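Enquirer: My questions all concern the structure below.
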Amino acid sequence: MTTAAAPIRAKQRPGDRVFSKSAVFAGSMILVTLAAVATFLIVQSIPALFADSEDASILDTNFWAYVGPLVFGTIWAAALALLIALPISIGIALFISHYAPRRLASALGYIVDLLAAVPSVVFGLWGIGVLAPAVQPVYSWLVDNLGWFPLFAGPVSGTGRTILTAALVLAVMIIPIITAISREVFLQTPVLHEEAALALGATRWEMIRTAVLPFGRPGIISAAVLGLGRALGETMAVAMVLSATGAVTFQLLTSVNPSTIAANIALSFPEAYGINVNVLIATGLILFIVTFAVNAIARWIVARRAEFSGAN
Amino acid sequence: MTTTITPPEPKTSSPISNSLTAGKLPNQAPWMVLGASLLVSAALFGMLALTGGEFDWAGMFVVAALVYVVTITTVSRVVEGPRKAMDRFVTALVTGAFIVAMIPLVSLTITVVTFGLNRFDVEFFTYSMRNITGEGGGAVHAIVGTLLMTGTAALISIPIGLMTSIYLVEYGRGRLARGITFLVDVMTGIPSIVAGLFAYALFAIFWGPGTRTGIAGAVALAVLMIPVVVRSSEEMLRLVPVELREAAYALGVPKWLTIVKVVLPTSIAGITTGIMLSIARVIGETAPLLIAAGFTNSLNYDMTEGRMSSLPVFVYTQYANQGNPPEAYLDRAWAAALTLILIVMALNLIARLVARFFAPKYGR
Amino acid sequence: MNLKRFGAPAVIAMTAALALSSCAANEGGSGDPAASESTLSGTLVGAGASSQDSAQQAWIAGFQTANPDVTINYDPTGSGAGRDTFLSGASDYAGSDRAFNDEEIAAGGFAKCAPDTSIVELPLYISPIAVIFNLEGVDSLNLDAATIAGIFAGDITNWNDEAIAATNEGVELPDQAITPVHRSDDSGTTENFTEYLGAAAPDVWTYEADGVWPFEGGEGAQGTSGVVDAVTNGTGTIGYADASRAGDLGTVAVGVGGEFVEYSPEAAAAIVDASPFVEGRADGDLAIELDRTSEEAGVYPIVLVSYLIACQEYAEPENVELVKAYLSYIASPEGQDVAAEAAGSAPISDSLREKVTTAIDSIQ
């Protein structure tokens, strides 16, 4: 506090220097950590990339044939989850920030935040014990009545533990994340923008569409990416809920479902030994790359829109 | 958003008598339509139930919701015009989204609480699992482990994460900032199980193979936590109006003081939410802790020596390796899950109080 | 003024400190010296098969109660990881669902053992694998190996199939699709089950024995708990799981030499006695070549035999007495009964115990 009294000079103050240096240091720590993780992953992965079924018992032919269906399953499950979660999360965030009575809203926001803390194991337990039996009749009905639609082709799973159920569980897991960030961003919308819109005679929805959503768009995308990151990397819940058989199929309601990379690591790692471990770590590297690609695309979208967003 | 442009209630029901209130549904209209939709739907399903089968509650509410959305939009379109109708439609959708999301959340909460309360007793909080098979036992060792490891992870990642986001928002220009943004994105993508493998391998290099310690678990969690802290804090710091900073600079306040006294307090609520989210995210991690910190049935306070149990791992092992009788193991798993949620709830509450205490007073 | 930035971690640290001041009520260390005359002390670390975990917990509890200064940690990391951990010297003993094979033993390099000495492998955990199903009104079915193989291979798809009806006269079989449930994780249970199918029904089951389910088909579920949950919550489901977890589900009596044998501890122990040891092993190495096609009466052929593996001669003498005492306890009738109660395993026969005891005595 004493430095505040220092005379105004053009040269840097010691406080500034210390502060900016420590900020740079923190940034570099990220660099170091990441370099360490990346080195570890790559070094461990190299033996797997060139392995065949003779070296590693879990490979049928080679590594790429092994990881292909898993990549498909990972993206498919996460995309379904995001498709379900994003509109609902934006809805909840808007409800909390602009629709619900203020006093009720903060309590609701609090409840939603809490759900981000439920351990994935518990989501898994809930998925097996509560959700899957509950949605199974719906799946039967969908297969019977809408079976002509390719996604809903039969035969229906007898337990309801399909990729759609896994996506639903994932959606429930990422809703709190997306909601919390979107809500904060919506609340930061400049009140002047909102009042200006309302003063021009806009309805509440028109105000949201013209003032809140454009302002919040980068935030929403950031939130969606964080959610997607969790959905892509989610391990235990998917491993427990999904009936994974490793097929490549778009069908949502059958027993035969693609597995995801993270779930597959959790399922196979405990009994893995020798080069099989390297194969699994290499699939982790692939997951890392997939997630990164998704992130990069989202960043690019945010950057492209930044100048129109209204945020400074 | 209490601001409203609508004038007071129309005194008559005649729509054309006053040009200002023309074409406006009375305030209670949505509730009346909702009640009517419920009645119609209930009647419909009642008739179905009469012809055979049970009364389908879920179906009734789904149909009622659809009927409500269609009716309110149509009525509003006829009376109030398309713009108002759109507004009503979106209001119905937003509220609907909220209710739909509440269903699994409430179901989950009820499940955890009802199952969790079975063993939510004194023994659970005073006993560890040492020398216990079958019934009884508790999770002291797991609670202590969770608090120690998550706390250490937070001590590592909050300063680093927050300073990084400050760097990115306030100082970062050019290549290094772009590089760090890029790397934070990459870090967001580290699958939790890979973070666990990494921490395990890192500590194995220095302390020999098979080393599983609390500090390794904390490092794994910190790797997962840092990008979340950076991303959310960065988002919140960017929302602080430039005018505030410029006002501070104009008064001759040094940059670092501006950040500490102006920028951070303005965004403290959002940052706290972000940090709580990140803690909430890692406190429930199972896979990395299973690999990096292992698990044990005994109490261990020492972060640097010996395995350390944690609540999520406790839940997982109790579920996955059930003995005889299985109910005792499942009850312990649920009770531990409930404990975990309560811990996060407490942390959340405290953080919110802290945020409210330090945040500048807004007009809203 | 930095308080706000460190508010959250400070709070966590405080909460942790509060928790730290508490202590587990059941952990007094050696506070009660009168209770035991044991002079053993130290820490043993074991790792390996998760199938043994419940039994290990029971053994550890029993052993630690008798020897309060001893701490034993068993990591249910899986058989493969357990063997690797033992090989690298990070654990004192291993639990594994299969013995080391000839090549692995020839390669040697067991870091904990004295150079050029062999290892001791003891089949101390015998667990019957039950074929469980969920079919309304049916508690037990008689199925021969070919039919079981047909169901799991997906050739037999309906419960009223002739092959099932042929061995189950008087049982009313519904016209319902069969959903076979298998383990989606890599497991010793799957390896033993597929090994049985391949040996007993080679015409129908053409896949090799493997810990991973060998083809895409049927429904996958994680772990024993997952399979039991899936079979319980589904309809027309059939799966395989540790017999102790069969609970209220229907179980299959397996066809052996023209008769149908329900699983029982005695029948499961009988197959081990009816099987020869692997040839060409060192004296203490009691690896068993299970005879799945045995036609002896009263033999239940679907069992999982899990080994405890230790060094014949440890390089460091410090834990030798502890290992011997612990293994002796496990092999004792008391230890086997404790496991039977906690994990539903089949106690080993007296003739096997004799050989095991000799092997344990030879450890140095």
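Glycine is treated like the rest: Cβ placed from N, Cα and C.
Below, the features straight out of TrEMBL:
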type	residues	note
DOMAIN	B:143-351	domain 'ABC transmembrane type-1'
REGION	B:1-21	region 'Disordered'
TRANSMEM	B:31-51	transmembrane segment
TRANSMEM	B:57-79	transmembrane segment
TRANSMEM	B:91-118	transmembrane segment
TRANSMEM	B:138-168	transmembrane segment
TRANSMEM	B:180-207	transmembrane segment
TRANSMEM	B:213-230	transmembrane segment
TRANSMEM	B:262-283	transmembrane segment
TRANSMEM	B:333-355	transmembrane segment
Enquirer: Taking contact to mean three or more C-beta pairs under 8 angstroms, with sequence separation of 6 or more, is the transmembrane segment (B:91-118) in contact with the transmembrane segment (B:333-355)?
Expert: yes
Enquirer: Does the transmembrane segment (B:213-230) reach the transmembrane segment (B:333-355) with at least 3 CB pairs under 8 A, where each pair is 6 or more residues apart?
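Expert: When sequence-distant Cβ pairs are counted, the transmembrane segment (B:333-355) does not touch the transmembrane segment (B:213-230), since fewer than 3 lie under 8 Å.
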Enquirer: So if I exclude everything within five residues of the ends of the transmembrane segment (B:180-207), which remaining residues of that chain have a CB under 8 angstroms from its CBs? That is, six or more out.
Expert: 164, 167-168, 172, 213, 215-217, 219-221, 223-224, 226-228, 230-231, 285, 287-292
Enquirer: Against which stretches of its own chain does the transmembrane segment (B:31-51) lie, if we need a Cβ under 8 Å and a gap of at least six residues from its ends?
Expert: 59-61, 63-65, 67-68, 71-72, 75
